[in-house]
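Here TrEMBL flags A:463-472 as compositional bias 'Polar residues'. Among the features that TrEMBL reports, region 'Disordered' is placed at A:451-472. Look at TrEMBL and you will find A:21-41, A:53-71, A:78-97, A:123-140, A:149-169, A:189-207, A:227-244, A:250-266, A:273-292, A:348-369, A:390-411, A:423-442 tagged as transmembrane segment.
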Amino acid sequence: MPRSQTGQPGFLGFVHRRRRGAELFLLIQALVVGIGGYAAVGIGVDGEVPTNILTYGGWLALLIIACHVTVRRTAPYADPVLLPVVAALNGLGLAVIRRLDLAEIAQAAGAGREPKTFATDQLIWMTIGVGLFIGTLSVLRDHRVLQRFTYTSGLAAIVLLLMPIMPVIGKETNGARIWVDLGPVGMQPGEVAKVLLVIAFAGYLVVHRDALALAGRRFFFVDLPRGRDLGPILAMWLISLGILVFQHDLGSSLLFFGIFLTMLYVSTERPGWLVVGAALFFAGAFFGYQVFGHVQSRVLDWLDPFRAWDDGSQQVGLSMFGMSWGGLLGRGLGAGRPDLIPYAESDFIVGAIGEELGLTGVMAVILLYGIIVERALRAALVCRDGFGKLVACGLGVVFALQVFVVIGGVTDLIPLTGLTTPFLSYGGSSLVANWVIVALLLRISDQARRPVPDLSSDEPSEAETTQVVKFA
Amino acid sequence: MNKPIRTLSLFCGLLFLVLLGNATYLQYVKADDLNGNSLNRRVIEASFARERGAILVDGDPVAESKKSDDRYEWQRTYPRPALFAHVTGWFSFFSQSGIERAENDVLSGDDPQLFVTRLVDLLSNAQPKGGSVELTLDPAAQRAAYDGLLALGEGTQGSVVALEPATGRVLAMVSVPSFDPNKLASHDLTSVRDADAALNARKDQPKLNRAIQTTLPPGSTFKLVTAAAAIEEGLYGPESQVPAGASYQLPLTSNEAGRVTNATGNACNPSTVTLKFSLEWSCNTTFAKIADELGVDKMREMSEKFGFNDTSLLDLPGQAKSAYPGDLDRAQTGLSGFGQSNVRATPLQMAMVAAGIANRGEVMRPHLVDEIRSPDFDSLGKSKNEVYSRAISAATARQLTDMMVGVVDQGTAGTARIPGIRVAGKTGTAQTGRDDIANYAWFVSFAPADDPQIAVAVMIQNSNRVNSEISGGGLGGPIAKAVMEAVINR
């Protein structure tokens, strides 16, 4: 790499910096969170540092350093903050899941049954996720390549979304039909579908944005789109309704519709789409509330979490108890009773963090997510191509919506929906998909922050040996 | 496309701000509320896991936590369960009562005064411990009261409350039948449920703290309030002639039910006697007439100065309200003059009446907690003696005291006489008016009359005796005497 191109003012005074050293510095702090959290869990529960701290810490460090080296090699200008934030969240999630495992092991020993643990699986999933992260960054040297797969990924996403409702492989868990059972492993195809959908939307919108943006009429100071351009939005609305109807999955239907709507708005720059979309969303939500018992009970549980306590609808209430018990500073890792919260290792992991790490911990987690979203949107802002802008924007909004829906759900801000908390929750599909999302965001930010090749240079360059076709 | 992206980032920022705000609301603003929710198992689990402070009487624990090797680390035990059950209350997985509930913050270590201790524990990684609570009870008085009630035999339901007149300190508080709080504090939650159900099913209600939770017509002991009002109003003095007679027809009535008669023989039959004599012989006719002359408002005012119509007399939860209703008609007011009609009082309330007279008219607020201490037994503060009200003037109090000494020396309360000491007292036998429910026996007293150290109220709700054998002097007098002696001779 020519050193002269770093640290020098480039296009419009923009200073291109690699900041890989900063990334490494932040990554070491993230490792302290992950390994320190793991050690704290051992001290909190058993009174001693876990014996396998070295192998565990070594493995975690190896994964993180592998990520860093890959970024250094393949995406040197990528955003230096994203990876450390993700590493910190993933490490914290592992520690908290380990903490819940220890409670489960103690309880299972008391009841004389086999404990159901998650931490080891999660570490394996993280390894796979990091592998895919490295693979994505190594193989995909330019995100614009993805635009070629607009319709392929759209189709794949739809197939994935349909899989859970297919007879043999689809399976219902806790009232939502969002799982696929493929022999030894189960997966939630929706987690993968959301990445593919963002790519498909971006590819479609970047081509059709003018038609969607310019045609239409003004109605009460709002630019409304043309009827026939409403096609995609209606189709998306129907798909999300379908997910709500057939899979009983409020969270995903809200998420998919929300992503599409915001990407439509960003590509067309017309708030009218938001008005139409929001109207459709509320119509759909109202319809769902009227027709489906599970939507109604979720809304009633939200209004009064202690309403149906004796009928078993306790999860939000239990999570709120956990968080209030944690208070400002928390009970300390290993010193609370997060095992009293159902699904604490997946949907309700924020409740467990709130109990043992307190409001401080919850705020730190929310802020870390905020940083991810902010970094994604920043990549979208500086990105030079429309497709990249839309993908980065869509992925950022995926994060924002998912985090808002999940954390809002477990803290009784909005009705509870079943989504995972990115990087924290136990869940293979989610973790792997999110690592790929981070790889894509890093790729786009690398492209965006990289200096523009100086084509006016007199120096003979590699480019001149081949024919360069310039478009106006 | 940058403008909508900027708008979008503002929107996302807003979403996260709302999340932060809601988390703050949940974990800071609403946290106490949620932690107090009875559905929240964590709080009680945590108190079970923690070393709870002791409840002490004269330095000896009457409730303490001992190391346990089952699923919870500390076991709450009550070394003298029956004697102190109603004061300590119980500490079970499902509920608490008595001091265990009233002083839960101190005992569990959550009280703000224990903040420094908590901080030190946190920093030194020590297990947090609760502070201890020292009670005002006098062990000898408590024992005398309990033994006295037990001596009345199987099936006795009753209560004794003793106060230190000058301070309001509760020296004895006993209720029978009692129960074993150890059974409710067990870590075997099934057996706790069974024990609780068995206690609740019993007809004689052993869990009831009759000292503060049972109100009964106070009978003739209420004549002290009537007499206090009469003297305070300047209506009569101790030596004034007051109306008496064998019977008195209440205003607004003409039938047999409206005719007041006396319980104690022919002593009250002259048409007028002195007020002192009337109190000594407990003439119903006199006090019915006086109450009517005073009127319902004056009677209620005087009652309330002694603590009637108030549920916050003591630092214990769950007090019943001693009632002097404000809407009595003239006939009912007349009946109220000797503690009938709808007048109802707890033993604590009647002890306050006696203590108020003993303390020269100044009623002190009763309290059970003497001092709270840190886990290291450093004092975190003694309870202050608080004036509840100035019910009557010192002069009135002196006149009433003399009259009450007369009741013991010459009248119905002879059973409470202590050789060499002037004792002031008043008996009461409240008629239930029903053959299937026994009359209630009351006895209030204080001693020594010149320098009162203790005021006692004894209430016997049920004693398995026929009504002709039930009288305040007969049943309550000896118990009151024993309790007073326990304090005076200490």
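Placement of Cβ uses the backbone N, Cα and C atoms for every residue, glycine included.
Curation does not apply to TrEMBL; its annotations are automatic.
Remark: the transmembrane segment (A:423-442) contacts the transmembrane segment (A:348-369), by the rule of 3 or more CB pairs under 8 A.
If one looks beyond the transmembrane segment (A:21-41) by at least 6 residues along the same chain, the residues whose Cβ comes under 8 Å of a Cβ in the stretch are 49-50, 53, 56-57, 60-61, 64-65, 67-68, 71, 80-81, 83-85, 87-88, 90-92, 94-96, 98-99, 102, 332-334.
The transmembrane segment (A:348-369) shares the most Cβ pairs under 8 Å with A:78-97, out of the stretches A:78-97, A:149-169, A:189-207, A:250-266. Long-range contacts of the transmembrane segment (A:123-140) within the same chain, counting only residues at least 6 positions beyond its ends with a Cβ under 8 Å from a Cβ of the stretch, are 56, 59-60, 63, 66-67, 70-71, 74-75, 90, 94, 146, 427-428, 431-432, 434-436, 438-440, 442-443. Long-range contacts of the transmembrane segment (A:250-266) within the same chain: residues 178, 190, 193-194, 197-198, 201-202, 205, 212, 232-233, 236-237, 239-241, 243-244, 273-274, 277-278, 281, 284, 288, 295, 298, 380, 389-390, 393-394, 397-398, 401-402, 405-406, 409, 415, 417-419, each at least 6 residues beyond the stretch ends and with a Cβ under 8 Å from a Cβ of the stretch.
Listed as Cβ neighbours of the transmembrane segment (A:149-169) (distance under 8 Å, sequence separation of 6 or more from its ends, same chain) are residues 177-182, 189-190, 192-194, 196-197, 199-200, 202-204, 207, 239, 243, 246-247. Sequence-remote contacts of a segment are chain residues at least 6 beyond its ends whose Cβ falls under 8 Å from one of its Cβ atoms, and for the transmembrane segment (A:189-207) they are 146-147, 149-151, 153-154, 156-158, 160-161, 163-164, 178, 180, 232, 243, 249, 252, 255-256, 259-260, 263-264, 267-268, 386-387, 390-391, 394-395, 398, 420, 427, 429-430, 432-434, 436-437, 440. Remote same-chain residues near the transmembrane segment (A:78-97) are listed as 18-20, 22-23, 26-27, 29-31, 33-35, 37-38, 40-41, 60, 64, 67-68, 71, 118-119, 122-123, 126, 333, 338, 345, 349, 352-353, 356, 365, 368-369, 371-372, 375-376, 378-379, 421-426, 431, 434-435, 438, 441-443, 445-446, 449 (criterion: CB distance under 8 Å, separation of at least six residues from the stretch ends).
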